[in-house]
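Q: According to Swiss-Prot, the feature Fe cation binding site maps to HIS1120, ASP1122, HIS1249. What Swiss-Prot lists as compositional bias 'Polar residues' is 316-327. If you look up Swiss-Prot, you'll see 1058-1281 marked as domain 'JmjC', on the strength of sequence analysis. If you look up Swiss-Prot, you'll see SER264, SER325, SER445, SER766 marked as phosphoserine, on the strength of a large-scale study or a structure entry. Annotation comment: Swiss-Prot describes LYS895 as N6-acetyllysine, evidence class a large-scale study or a structure entry. The annotation region 'Disordered' is assigned in Swiss-Prot to 307-336, 383-402, 438-472. Residues or ranges marked as motif 'LXXLL motif' by Swiss-Prot: 885-889. According to Swiss-Prot, the zinc finger annotation covers 662-687, on the basis of sequence analysis.
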Amino acid sequence: MVLTLGESWPVLVGRRFLSLSAADGSDGSHDSWDVERVAEWPWLSGTIRAVSHTDVTKKDLKVCVEFDGESWRKRRWIEVYSLLRRAFLVEHNLVLAERKSPEISERIVQWPAITYKPLLDKAGLGSITSVRFLGDQQRVFLSKDLLKPIQDVNSLRLSLTDNQIVSKEFQALIVKHLDESHLLKGDKNLVGSEVKIYSLDPSTQWFSATVINGNPASKTLQVNCEEIPALKIVDPSLIHVEVVHDNLVTCGNSARIGAVKRKSSENNGTLVSKQAKSCSEASPSMCPVQSVPTTVFKEILLGCTAATPPSKDPRQQSTPQAANSPPNLGAKIPQGCHKQSLPEEISSCLNTKSEALRTKPDVCKAGLLSKSSQIGTGDLKILTEPKGSCTQPKTNTDQENRLESVPQALTGLPKECLPTKASSKAELEIANPPELQKHLEHAPSPSDVSNAPEVKAGVNSDSPNNCSGKKVEPSALACRSQNLKESSVKVDNESCCSRSNNKIQNAPSRKSVLTDPAKLKKLQQSGEAFVQDDSCVNIVAQLPKCRECRLDSLRKDKEQQKDSPVFCRFFHFRRLQFNKHGVLRVEGFLTPNKYDNEAIGLWLPLTKNVVGIDLDTAKYILANIGDHFCQMVISEKEAMSTIEPHRQVAWKRAVKGVREMCDVCDTTIFNLHWVCPRCGFGVCVDCYRMKRKNCQQGAAYKTFSWLKCVKSQIHEPENLMPTQIIPGKALYDVGDIVHSVRAKWGIKANCPCSNRQFKLFSKPASKEDLKQTSLAGEKPTLGAVLQQNPSVLEPAAVGGEAASKPAGSMKPACPASTSPLNWLADLTSGNVNKENKEKQPTMPILKNEIKCLPPLPPLSKSSTVLHTFNSTILTPVSNNNSGFLRNLLNSSTGKTENGLKNTPKILDDIFASLVQNKTTSDLSKRPQGLTIKPSILGFDTPHYWLCDNRLLCLQDPNNKSNWNVFRECWKQGQPVMVSGVHHKLNSELWKPESFRKEFGEQEVDLVNCRTNEIITGATVGDFWDGFEDVPNRLKNEKEPMVLKLKDWPPGEDFRDMMPSRFDDLMANIPLPEYTRRDGKLNLASRLPNYFVRPDLGPKMYNAYGLITPEDRKYGTTNLHLDVSDAANVMVYVGIPKGQCEQEEEVLKTIQDGDSDELTIKRFIEGKEKPGALWHIYAAKDTEKIREFLKKVSEEQGQENPADHDPIHDQSWYLDRSLRKRLHQEYGVQGWAIVQFLGDVVFIPAGAPHQVHNLYSCIKVAEDFVSPEHVKHCFWLTQEFRYLSQTHTNHEDKLQVKNVIYHAVKDAVAMLKASESSFGKP
């Protein structure tokens, strides 16, 4: 399964081989080696266990081998390039080869087989190679011409499903391959894993060890071996190492291996590069050496792990001068307000980097050397006799050693931990004292804490998971399984040092109360309960340990353990108490009313915390995402209502730099969830509900598997305790404030809770109820559509100015008009809303209640749907600064003959009709790039229209008016392009020569765009050498390959590796209000520094061009969609030199890609450099595209597994024929965009898109979260839950619920502060 590049070779250890020696022939003469009878040659086969060095080209290469049919005790070292050796073949890759069907001998089938490639060939094999079919042990020799590469896993489905032996062997190959990819990289994901290392001692073949550290720099592993204590460092490229999977179990239809899910910045970072997604996660054969996310190995006894350290605070950058704000709606920003900054991070935590571990190349007694040393048969040291038995096998983990570089506990200790005075209520500046002051009234005093009722996990006393009142031996506990992920301190990519070598300087170190003799004595005497303020590892051994600390206890270095209490699942959560005998025991857990000012202040709309937001922006944000926030509140209330009254809800306070995630589906936990009181296993509301429903119905729970608890006990839903993260009732109180603020500011609310009543969605309303609500003037809402429930309707007005107008004062319909803008005119007069109340147009949409995730509603179906994005602005519009479109609107309305309103489908129709009606003759004559006259569209912004007037292209990236124009199209879910950015950038920074000079020696993985094969062992310099020079490109079968860099720079390293380029990009990227990390309309910027900030880039995408006619069916990046918005900048276009007629081929590709005439003129007449051909589709058409691809798959005989998706798998590129079929059969037409040098393509969240490079391109993408497209982020997060564990999109890294909450919280704080400054009630 190893795909290699050119003549380079992979690591040899662990591979099967074939050897042919002249000494084994009949007479040793050359004539006896008849190629016609190659199968009869005296081949010897076996397995390579160790090598003298990794350079296979050196003639002194020696390998330690075990021959088949011989005892391992007869292993020996052989010289590969011996004079008597005629050939030496090694396992190479997985292919398809023709053979007779095992079932029907007359039938010829394509069968998966492993090929061998010659390392030495003196026998003249030439094109003949050895092949072993999966499921058979016998080898055959075939011509290479008869072998076909495996392009898609679907080509294997027949052989895998029909033959269980083949299926099992294929799965074993995948597991072996994934293990090797981690081992050979020194991956920190292996920390805690049990491995077996090949022994050269004659008394034993293997010995066991535990991985305690990984070093990606030297690609070695640090291990702990009780048999040979001197063994510390292992190089898997020199000696055979295997990961032990001793907890392989089957859940449903999928096998999962006991391993720990840990996120690694060295391995894909905290957010996997979107470019890497072009390789189908569904096809292991297509990605043979891809570092698949470690969630492939979902643990059984071990869970997910702790987090990556926190990244640098992006707000340290100066905020750019804001462009034009959203429409001024009659309010001003109060002077002298909201200038306080958020609580600052500890500077040392932000700026400290881990020092690389300097591993000495000492030779241990085991005879294992680092790569700097060479192993020979003469100087090989034999293993010593094992002095002890192997340690008890531990559950295998696929774990990153993040504990070595984690921040100290930065979270303030709960006030109840220490007998200190309660904080003054005046310390918090509350935006709404009457409604929020009650939180502080419930702040606990020290006496309250000691007498507080304990949370006994909400289970019966005889429950097997109940830990209260009895001791649990540490050995009986499950190992570490934490999904508290991704701390916010950035770790050096080369870091592999232990915690003792990576101190965080000047960080506040709060000692546990148990380390203070005076406080300890007082607690022992009083028996007062206190909160656990240290990790389980550092507490007495008799207490049950959480899943995280159980694994941490395997670490022998106590210095590494004590600095990481924040990753303990019971840290600041579990309550402890000394009994009358002075023995420490578990007393319970914190309750929601036991918070302090620090804890509650994180979740309240405090004006002192509002930074980087103005009044107009606050109103705009609340208008767009307020309904989604209300839907979140309703969902929380609904989940809370299902909890039995007798069960006490626990409170787990947010821990700084740690992200709570569901142990089952990897979704970020927002608030309510369920926790095991014994091991800390936690599940989200959705997984808990699904599990409980299936248990009640007796159905098999096949979608997700649940990790097991102590002693492999099953986690039963009734034994988990409900737990919330937001303290007190802050969530519901902020929800009340949102309604109050929206009513006072006239912000329209379409949320289901706007009637101030909570209704369950499970019971649809009766027809009589619908009729009554219709008569009352209520209208269907977007929130109801999202939940597919027609019973929740909104009253006509909600307080404030909106409530001042009686229902009977509606204006009659205006005379009919044929103007295409008449429907938009109603946005200011309110006619659209009145018409919606009369027609009830959303009921047909609600019929689709079977699907969990309804497709996005078409823009043409209802103006109610448009209302959320286009007109969810404030009701009172009193001036002319509300947007250029509103200035153009006529007051007349138009109706068709049947009396229904004639509403244009999309905003493009408006502009198109204007241009066609008034400037038809001018448009046909105007030259390329000429702007439309300002007098026509009412604004002076350089721009033009592409894709037949459906794509807005802004020409001045720094124009302050771009803001208004961009937003009007962006609301409609349309992509937008901005040109000319390359004139602003420092071109010297983005040339291939600069990258080659700075990073040419770095080792990277490459992807062959034609086959999606991953190539290892190359350097960055190898890629850049062929960027503009085709003859210098890496070759496959003597043909230059079309390559792209995979995940480079890796993870979040762009800013650290390329600070000058990062600054250059951020200073010149268009529309900084959206695209910058601190942009006021980038909702991700609203997430406090207390939380783990999502990695939104920048990411680099570097790839060669696909020029030939045959390449038009391939994509540089296949069709996929992303959970966030993105701005993709073309910073460099490299045209290969010496290629004839390539310009003509590029033109044909552009024409074949359905580009419009103006785009072609840019290439021919404007002499601009085309970089990439994009095809982008509207998010609302996603479901149609999905159905179309499934249909095509079925036509081609491919399967559609339930846990895979044709779009998320990124296994399709829509060529011309498929695009034509999609348009004819489903009516889906996208945007064909050619991205020239300096163009920035804005892709909306949830919009399917694909990319085909025309020339060699360097692109940089920055992701952001805009208010207009939050709903797509919300839906996609739910979709990704159901993807298989191998998907890079499976894990929720955007934290969309947290982003929505804190964006609304800050907007409310700003509006409340502004309201009080104007003296409003």
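Heads up, the Cβ atoms here are built off N, Cα and C, so glycines get one too.
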Q: Give the mean pLDDT for the motif 'LXXLL motif' (885-889) on the 0 to 100 scale.
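A: When the pLDDT values over the motif 'LXXLL motif' (885-889) are averaged, the result is 38.
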Q: State the three-class DSSP label for ASP1122 (Fe cation binding site), counting H, G and I as helix, E and B as strand, and everything else as coil.
A: coil
Q: For the zinc finger (662-687), what does DSSP give as the number of helix, strand and coil residues?
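A: Split by secondary structure, the zinc finger (662-687) comes out as 3 helix, 7 strand, 16 coil.
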Q: Tally every other Cβ atom lying within 10 Å of the Cβ atom of HIS1120 (Fe cation binding site).
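A: Counting Cβ neighbours of HIS1120 (Fe cation binding site) within 10 Å gives 22.
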Q: Would you mind checking how many other C-beta atoms are within 10 angstroms of the C-beta on HIS1249 (Fe cation binding site)?
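A: So the Cβ neighbour count for HIS1249 (Fe cation binding site) comes to 23.
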Q: With every protein chain in view, what's the tally of Cβ atoms within 10 Å of the Cβ of ASP1122 (Fe cation binding site), excluding that atom itself?
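A: Result for ASP1122 (Fe cation binding site): 22 other Cβ atoms within 10 Å.
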